[in-house]
Each structure stands twice: as C-alpha cells, then as structure tokens.
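Below: one structure, written as structure tokens.
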Amino acid sequence: MLPPSEGEVRMVPSDPISTTTITSVSTDEVDGKKTVTYLFEDSRRQNLRLRRTKSVARAEEITKEAEKVRKSQPDKPCHRPRDSLFSWSSEFRDFTGLVNWGFLLLFMGGLRLSLENLLKYGIRIDPFQWLIVLNGGTAEFSIENPSVFLFIYINVHILFTLWVEKLLVKERIVWNQALLLHACNLFLIILIPVISSWTLKDKFGLVGLTLLCTVYTITFLKLWSYVHVNYWCRLVRSKSQHRRRAFSVAHPYPPDIDDGKAVDEMVSYPNNLSVRDLYFFMAVPTLCYELNFPRTSRIRKRFLIKRAIEVFLGMQVVLGLFQQWIIPSVKNSLQTFSKMEPMPATERLLKLAIPNHLLWLVWFYLCFHSYFNMLGEVLRFADRDFYGDWWNATNIDVFWRSWNMPIHRWAVRHLYMPLIERGYGKSVSSVSVFFLSAFFHEYLVSVPLRMFNLWAFFGMMMQIPMSALSQFVEKKAGQRLGNVLVWMSLILGQPLCIMMYYHDYVITHFGKDLMEQFSRMR
C-alpha cells in the first residue's frame, strides 16, 4: 500500500477522534497492524486559503518596497501597476462617450434606412387612407357603421352588471344565480365581436375592429374586477353584521364614533353601486376596482397640455411609420417568407425588426405614459404606476411583471392569488395567468383578421419555457446577458409574428394565386 499523502493522518482505530471534519476513511495494514487513514479536507482547504492570503500579502509588500526603490532612482519612472479600462478588475465605469457614440451610430443607421425607404417607395403617408381603413373601406362615414353601434352597445353589459349587483343587495336573488348571470354576461362580451366580425365581415375596418376588440376586452376585465370586489365586500359585510348583532346583545347602546369629515366622505358598500361610480371606474386607467380610488387635489393644466400634445404628435408618428415603413417591409417579405428561404427570410426579418421595434417603443410611450397620464390627470386619478423599469429586466419573468402594470396587477389580484387561496400551487396559478394572457393576445389578433392560427397563443405560452431559460442564463452568465436575451426576444419576436400573420392572412382571404400580387408594392 502507498504511504499516507500530505494532509492524511495515521491513527489506531481505538483512538478517539472528532468526526465533524472527516470526509473519508480508508483502512491499511502497516507492520501487520490495521490502521485507519482519516482525510481532513476542511483542514486542507483552510491551510490552502491561509497560504494564498500570506502569498498575496507578501506580494503587496514586495510591490510597495519595489515601488519605493523605483521612485528613488534617477530615471524618472512613469509606470505603475494599473488595469486596462475595459478589464473587469478596473474600477472605471464612465462610458458616457461610448453611449453617445452608440446613439449617434443608431441614428445614422436609421437615417440611412429612412432615405433608402423614401428613394424606393416615395412618400406613402396619407391620413385620408387611415380614415378609410378605420371606416371599413369606404370614404363616407355612416352612423350605421357596425363599429359605432357596438361601441354604444357595450353600455348594455355594463348596466346589466350593475343591475345584478343591486338585486343581490336587495336579496332578490342569491349568489349562485347572480354568478350565472355574470358569467353569461362576460361570455357575451367576448363572443359578440367574434360573431359580428364573421357575419358582417367587409363592413368592418381592420383598425376599427381591432379597437372594438380592445374595448370589449378591457370591459371584460374591468367588470370581472367589479364583480369580484363587490363579492369581497358582501363577505365582509355579512361577517360584520353577525358581529354587530352579537355586540348589540351585550351592549344595547354602543357609544357614538366620530371618525371625522374624511371618513364621512369615504364610499362604503353598498353605496358604491351607482351609475356614476361604475362609469368612473370604466373611465380611469386601471383594471382593478376599488371603493375609493386615490385622488389628486387638482388638475395640473400644464402637465395635461404636455401629455395631450404628446398624444397628438405620437399618433401621427405611429401612423406615419406604419404607412411609410412597416407596410412596404411586410409586403416585400411575403414571397420570401412563403418560400422559407433561410438567408433571404433572415435578411427580411432583420430589415423589419428595426422599424417595428421603433414603432413599438413609440406606441409604448404614447399609450402607457402620455395617454394614461392625460386620462389620469383629467379624472384626478392619483395612481400613475402604469409601467416599471422593464428595460432593465434581467429575465422574461421580470419583464412580464413590469412592462404592463395594470394587467399585472389585475392578474395577481383577481386570478393568481384567488387560485393560491383555493389551494392551487404556484405553478398552476402561473400557467393559468399565462393561458389567459395567451387567449387575449390571440383574440386581439385573430378576430380582426378573421382567422385562427394560434400563433400569438403559442407565442405567449412559449414564454413559460423562455422564462425558465432566461433565468438559467441570468444565473449562469450574469444579469447583463439575461437583459440582452430579453431585448433580443422583443426585437426579433414581434416582426416574426407580423410576417407569419400577414402570410397566413393573404393565403386565407386571397389564396396562393394572389400571393405574388400582394408581395409587390404598387
């Protein structure tokens, strides 16, 4: 047998020894006697760290002594131990100039693409064409337009919800009956745009039908929250009534309580069941209902005017970018994407990615900052937490929890937490949230286009494994690479979906024979 190596100790088995630091034991025979080899890995590691510490300290001492000697020499030394600025060990963190260079390079690239677009297609911006698309393909506006009628009709479902809640307060119906009525009402809200788009077809404009589906989806989510909150209030009210009855038996004359003027102005259930209260909730930029929303003391006119100007100018930018840049790029990508040629399709995808992502960023600022703040200022709605710092998201999960705060807050409050409280696990609750989100993403795309290919649905459901992948990348490669992965999915994922839907839209409604015609710009 080999002699014990360094760090090993030979001992007789009868000798007592602490087992707290022993990692392995081996038996051996020396001079006819059995001995046991105990390996002390922890001690070895501690000795190794101690030696490294001593060696580092000694190196610093040598460096300091050598530096003193060098400075005493007559050669005027100009060198000293320093790291390069791009090294991770360097403490240099000011890269403002490189950021400016990056923005300038991005601006020049975008300017070149814009000039190329103008030289190739000319000026394609035409506000009159948007009115035609919005009106269903005709230049003459008619009050009989189905979009106008359905925008007005949504009030029937809103008032029906209020009527059912009042019946519950008056105890004319029980909760099971009310739940059935609410479920049917919410189901019809989702179903009516689907039926209308398939029966009326050409009378709807693509933009008008998209806005209609958006309004009906928002109404569905708001009424869900309205019914849910009133249900919570009834539960608390029934419990408080039982406590009040018990209190009145023990104390026939309870003392008067003066909570002050602020408490008197607070709305309590069922006094909130009014047309004014419900329509205020339908107007404010939130999906979660409360009995008493936080309010500002006044309307800031200068702030309101700034937001209104941003909304007006932002709409022109969005419509102009779409007409001038997105439509030509999508049409020119149709035939290449249909043939599934890898290199040309990739080139078209990257060409579409820049204008599409720029359009998405402008739309985000226009909707979540300018429009929501303008609406909140007019209604004196104080909670302006419409978005988080999603641009710093280090994984997909953080992005979805921060980029659309009204949706995230609704999903947590009215779907995720209720499922958790009913005993479902976090995984089931998270998948349910993604499933509902995937359904509405597909709903907002397929209904206006009148086709159901489930690309948006599967794209949202794929966010679940993508979230796990991005968290793995963040853990193994760092937060910076995780943030890069988030931006990559945003920049490349959306134009890919646009090309897929446009390809399927042309084939579904016009056939493969007209594909070449729809892939050329007139």
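A Cβ is built for glycine as well, from the same backbone N, Cα and C atoms used for every other residue.
Bear in mind that TrEMBL entries carry predicted annotations, made automatically and left uncurated.
Worth saying up front: this structure is predicted, and the values here are computed from it rather than measured.
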Kindly point out the range from 1-26, 79-104, 287-312 that TrEMBL annotates with region 'Disordered'.
1-26
Between the candidate ranges 117-134, 405-422, 423-440, where does TrEMBL place the transmembrane segment annotation?
423-440
Interface-richest range of 308-327, 423-440, 452-472 toward the transmembrane segment (358-376), CB pairs under 8 Å:
308-327
By a Cβ-Cβ criterion of under 8 Å, what residues six or more beyond either terminus of the transmembrane segment (180-200) are in contact with it?
146, 150, 153-154, 157, 160-161, 164, 173, 209, 212-213, 216-217, 219-220, 223-224, 227, 443, 447-448, 450
Using a 10 Å radius around its CB, how many other CB atoms surround His441 (active site)?
17
